[in-house]
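First up is the structure itself, then whatever we jot down about it.
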Amino acid sequence: GQANLKSPQDLQVYIVNTNFTLRWNYTGNDTNVTFSAQYQLLGDFETNKAQWKELTGCQNVTGTECDFSSAITEYYDRHNVRIRAERREEVSPWSSVFEMTPYLIAQIGPPGIELQSTNGVIKIKISPPEANRVRKMWIAHLRFKYNLVIWENSSNAEFRSRNIFPIDIIDDLAPETTYCLKVQATLLLESKEGLFSPIHCVKTTCKAVKDLLCATNVSVFALNMEFYLHWSNQYKQHVSYNVQYLTGYLKESHNDYSSEWVNVPGCENITDTKCNFSSVIGGSSGFYYLRVEAVNEYNKSCFSNDVKVNPLVTNEIGPPGVKLDISDVLLHIQIFPPGGSESEAMRTNYDLSYRVIYWKHSMNNEEEVNMKEIKQTLGTVSDLTPSTLYCVKVQAFSEVYNKSSDFSKEECIKTPGDNILPLIILATFVIALIAVLLVAMPLIFALYQAYSKIKYVFFPSCQPPLNIEGFGEQHFSSPYISATEELVENCWILESITTEEVNQTDSKDYKQCKQSNRDSGNYSNDDDTSGGKVCEETLEKEIV
């Protein structure tokens, strides 16, 4: 049934949310030509095995576009589309195939807008694309971000763009002025920008006088995951404050979150103008909103502007702690992470690195400054100079959040001296000690010998017998001085014996006398004559 009909060309599929439109061109001059399209749902099938089906909404079309939104329900699967021209029984060849995955080529539709002008500001409420639709291309509507473009309705309008929440307030507007605006929905992860909403215009009202009761200059100070909210008080009368917070994701929802604000523990009914809300933040990587409610003595209240807190972005990194130790060849640098050992969030969330600056300390401060970057909390420095003062300071930084701390306090330590000098001193001492001993020992020995001789001569250890010391009332101080011979009295008992016995006795007595004379000679300087005389006299008496 093919004839000379030309095939359609330049097939294109346009998708906005779940609205599908097929467009093409036809260059033939034929009249009464209609167009019919088919599609393949590939899914996990190969192209040659998938079945071609009629594309509902695109059959016998007289124009060059058709809506086939009801035909496609699988938005994440691949599809093929083709079309041909028809005239009664004649048909053209099929066009080239158009391949598509609906979700990848779909555009985000415009969001809905509701505006209210009050007290010099514009309150805006945004409805997500595909609101109240059963079939949706964009399932996770909470991931939508909204971009607002606003301008004065005048000839020289200046366009301003800003991100807003689904329920938000547009301030910084001139009173009694007409403003026009439009809103666009975006998906950041998919890098998709939607279509702008229709333009809406609204006139602002006069702004009421600012209430002095309200807290002003609300700001956040955070260091090492310790968070403080500060504000100013312009009210001259008694006033108390309640600090409230809202979890960030609630503001991104399209529902009314006014009843979701919660008081910060420890910051209820206070008179101070600061609040520690670290207990609310914890180690969370989410974000929060805070505001201050001021209440006067008449129970009238006023809320401050909201302040956004992204903990890991708002927080500042404090300087780390440093401790130095030194060995013979290495300088050991121990680093304590900012916030101390209890600050687990600082270590886990920031993935901290450390920049170590070290130098030799000198009076002229001309020594070279060295730097090294480490990931660990323990670093070392080698090639040290003996007896030198080294100084160190450390800075913590996070590449992920592009944050860095102040440098720590300078810490200094002196390296030990050269090991050769103590050895030289020790060797000198030992040699000197040996020399002193060699000289002193002979001298001591000579003195000891002289002392022994003197003591022996003048202070003998053995004294003369008492009978010698007391004889003749004369005292003796030395054994070498002459003394009177000791008188020895010998007595015997004589019995009647034979002549032979007498001779024997005489012989014995003679020997005893002779021995006695020898003994007595130990204490006499005379000859042995006196002793011999005594013995002779004795022998004569005995014979008689």
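Backbone N, Cα and C atoms are what each Cβ position is placed from, and that goes for glycine too.
Copied over from TrEMBL, here are the features:
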type	residues	note
DOMAIN	7-105	domain 'Fibronectin type-III'
DOMAIN	316-418	domain 'Fibronectin type-III'
TRANSMEM	420-448	transmembrane segment
REGION	508-538	region 'Disordered'
COMPBIAS	513-524	compositional bias 'Polar residues'
Legend entry - For the transmembrane segment (420-448), distant same-chain residues with Cβ under 8 A (at least six beyond the ends): none
Inset, instruction - Run through the domain 'Fibronectin type-III' (7-105) and tell me, per DSSP, how many residues are helix, strand and coil. - result: 7 helix, 44 strand, 48 coil
Legend entry - Segment-level pLDDT (mean, integer) for the domain 'Fibronectin type-III' (7-105): 91
Inset, instruction - May I have the DSSP-based helix, strand and coil counts for the residues of the domain 'Fibronectin type-III' (316-418)? - result: 7 helix, 47 strand, 49 coil
